[in-house]
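A short worksheet on the structure shown next.
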Amino acid sequence: MSGGTDPNHAAEMASDSDPGRAAVAWAYQRFEPRAYLRNNYSPPRGDLSSPDGVGPWKLRCMAQTFATGEVSGQALIDIGSGPTIYQLLSACAYFEDITMTDFLEVNRQELGLWLREEPGAFDWSVYSQHACLIEGKGESWQEKERQLRARVKRVLPIDVHQPQPLGPSSLAPLPADALVSAFCLEAVSPDLASFQRALQHITTLLRPGGHLLLIGALEESWYLAGEARLSVVPVSEEEVREALVLAGYEVRDLRTYIMPAHLRTGVDDVKGVFFAWAQKTGVQE
């Protein structure tokens, strides 16, 4: 896949843009997937044994939304997957064709390790087990992971700051029936206007009447991923709601999780997490 880790490539990706976006692209060249996974998906944040933890909360939001039966179809695109797969554990039962995406080649490589079950891949089994527990369908975590691996058909580069985020000739089936995105838009946008535009760009990939499930950080301004210290645009729940309405969505659900003191571990300054379920207005032609 194309070299998302080459600094020249990063500068080139942002060459038609403002200095803020160029700085974001440059900063991400130092992003270390393993450090990010360790900071956020290993204990204490990765401890799923306590129901009031952030991990169980995110998995519950997803499982409960899919359990309504309203979010289903053929094609789903995960926007800015990063090196994580947990955000698709409930989704994979409802969509046969899943596209994962990320700007960075190192993240796409990390996803590939897990999808191909290669040695050294990050172990998501605790998350898979917990998703099965929440859903209560009697499915084993091995079956859950097997289904997800089978339904992820491709891992593609993406740039949410481009009007065509997947490029002019995308390999993903478009428009998608649903989008998922976790901790992407606010983490790659230098300001609120850029966040709003990125949301509008990804919305072009979704059919009218289709659903967006969005998870993100509330009031966060930075986070660490190894040597990289990444800037984040701090957003409030109301700013998220306004951005969704502006992008042409009906907000079906918007929930907030307040990060407890014991999970504020010094790897970021996040105050909370939001979950939004939004439906794109309009009728499919």
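Placed from the backbone N, Cα and C atoms, the Cβ positions cover glycine too.
Just so you know, TrEMBL annotations never went through curation; they're auto-generated.
Since we're looking at a predicted model, the values are computed, not measured.
Here TrEMBL flags Tyr36, Tyr41, Gly80, Ser81, Tyr86, Asp102, Asn107, Asp159, Val160 as S-adenosyl-L-methionine binding site. In this view, Asn107 (S-adenosyl-L-methionine binding site) is surrounded by 24 other Cβ atoms within 10 Å of its Cβ, with every protein chain counted.
Taken from TrEMBL, the feature region 'Disordered' applies to 1-20.
For the binding site of S-adenosyl-L-methionine, formed by Tyr36, Tyr41, Gly80, Ser81, Tyr86, Asp102, Asn107, Asp159, Val160 according to the record, the largest Cα to Cα distance is 24 Å, rounded to a whole number.
On its own chain, Tyr86 (S-adenosyl-L-methionine binding site) has Tyr41, Gly55, Lys58, Leu59, Trp124, Tyr127, Ala131 as residues at least 6 apart in sequence with a Cβ closer than 8 Å to its own Cβ. The number of other Cβ atoms within 10 Å of the Cβ belonging to Gly80 (S-adenosyl-L-methionine binding site), over all protein chains shown, comes to 24.
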